[in-house]
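A.B. asks: Dumping the structure here so I can ask a few things about it.
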Amino acid sequence: MTDLKPFLAKAASREPLTRDEARAAFDILMSGQATPSQIGGFLMALRVRGETVDEIVGAVTAMRSKMLTVEAPEDAIDIVGTGGDASGTYNISTLAALIVAGAGVPVAKHGNRALSSKSGAADNLAALGVKLDVGPEIISRCIAEAGVGFMFAQLHHSAMRHVGPSRVELGTRTIFNLLGPLSSPAGVRRQLLGVFSPQWLVPLAEVMRDLGSECVWVVHGDGLDEITTTGITKVAALEDGKIRTFELSPADFGVSPCVLADIRGGDGVANAAALREVLSGAKNAYRDISLANAAASLVIAGKVETIRDGMTLAAQSLDSGATALALDKLIAVSNDID
């Protein structure tokens with residue numbers, strides 16, 4: 001079927017779509033076969049009614065079928081957030097990814113430019129000297145040689161160009177804000193996944209379970225799409241096919257609580273400078289929150305069993321220079337420097 005109208009009519013009637021219907025509808029959207037008005041109407045009908053797990057699974061399946069893939073080790077992990085929390089923090093998941101790579105776990109980092117902040121992962125890494133517009137072979141080399149590779153979302157999900165203008169005109173959150181982090185071009189099955197609202201914790205854990213993920217922690221920390229050190233982090237953890245919910249506090253990581261102002265960053269250049277300060281030994285709130293996210297990622301990856309063991313290994317990665325070396329190698333390989 002190449003006509004969105006039947007799916008639009010069903011969504012407008014507040015009826016949920018089946019997985020197959022959602023996949024078919026999003027195939028149409030991402031193949032350029034729907035008009036801007038149809039795209040906007042369909043996305044808002046889903047948003048107002050509330051997207052279901054089956055609809056998200058179907059949409060992700062469609063998106064994954066069209067993406068440019070990257071070969072990565074089976075045990076690779078992604079540390080990624082939906083964005084959209086409007087917090088303007090430092091690039092926490094970026095530094096956490098480098099720490100995890102330095103600790104010996106391969107990272108296939110998926111990200112984009114800023115959504116609601118001044119600096120997304122792509123902005124931050126570009127300011128650090130990482131080349132973004134590279135092909136799958138170079139990214140695979142980055143993961144193999146640096147321990148971490150960056151997949152620039154817009155290069156791997158070119159089908160999104162068909163819905164981009166409608167999303168901009170709508171100017172509000174749609175299901176597409178959720179789909180990117182769920183559609184890793186490297187097909188990772190282990191993730192630390194931050195979400196902009198706690199309402200999505202369990203639903204997205206269910207989505208990842210149904211899509212075959214092994215271990216995923218979906219997290220929301222005190223308004224952030226990260227594990228936070230400003231207060232309580234809510235977690236829905238998918239492990240061995242089961243989902244459990246729990247909370248984490250700064251004390252669980254052995255760090256002192258901070259306030260949002262302590263981790264608020266600037267643009268890509270400013271955040272790159274802050275990241276390099278931590279690599280050079282700065283002991284501050286940015287270091288603490290990045291270590292916390294890295295520690296959880298090391299648990300998810302199966303590298304350690306406990307958060308505290310994860311903190312120890314993450315700190316060793318930073319303090320030994322292994323994290324800085326991972327960044328140096330990522331810059332060199334992405335720029336194809338021997």
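For all residues, glycine too, the Cβ spot is worked out from N, Cα and C.
Below are the features I grabbed from Swiss-Prot:
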BINDING   Gly81, Asn112  anthranilate 1 binding site
BINDING   Gly81, 84-85, Thr89, 91-94, 109-117, Ala121  5-phospho-alpha-D-ribose 1-diphosphate binding site
BINDING   Ser93, Glu226  Mg(2+) 1 binding site
BINDING   Arg167  anthranilate 2 binding site
BINDING   Asp225, Glu226  Mg(2+) 2 binding site
A.B. asks: Arg167 (anthranilate 2 binding site) has how many other Cβ neighbours within 10 Å of its own Cβ?
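C.D. replies: Around Arg167 (anthranilate 2 binding site), other Cβ atoms within 10 Å: 17.
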A.B. asks: Can you give me the Cα-Cα distance between Arg167 (anthranilate 2 binding site) and Arg113 (5-phospho-alpha-D-ribose 1-diphosphate binding site) in Å, rounded to a whole number?
C.D. replies: 16
A.B. asks: How would DSSP class Arg167 (anthranilate 2 binding site) in three states?
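C.D. replies: Once the DSSP labels are grouped into three classes, Arg167 (anthranilate 2 binding site) ends up as helix.
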A.B. asks: In sequence order, which residues at least six apart in the same chain have a CB under 8 Å from the CB of Arg113 (5-phospho-alpha-D-ribose 1-diphosphate binding site)?
C.D. replies: Gly120, Ala122, Asp123, Gln154
A.B. asks: Find, among the binding-site residues listed as Thr89, Ser93, Asn112, the one whose Cβ has the highest number of other Cβ atoms within 10 Å in the structure shown.
C.D. replies: Ser93
A.B. asks: Long-range same-chain neighbours of His110 (5-phospho-alpha-D-ribose 1-diphosphate binding site), Cβ under 8 Å, sequence gap at least 6?
C.D. replies: Asp78, Val80, Phe150, Met151, Ala153, His156, Gly180, Pro181, Ser183, Ser184, Pro185, Ala186
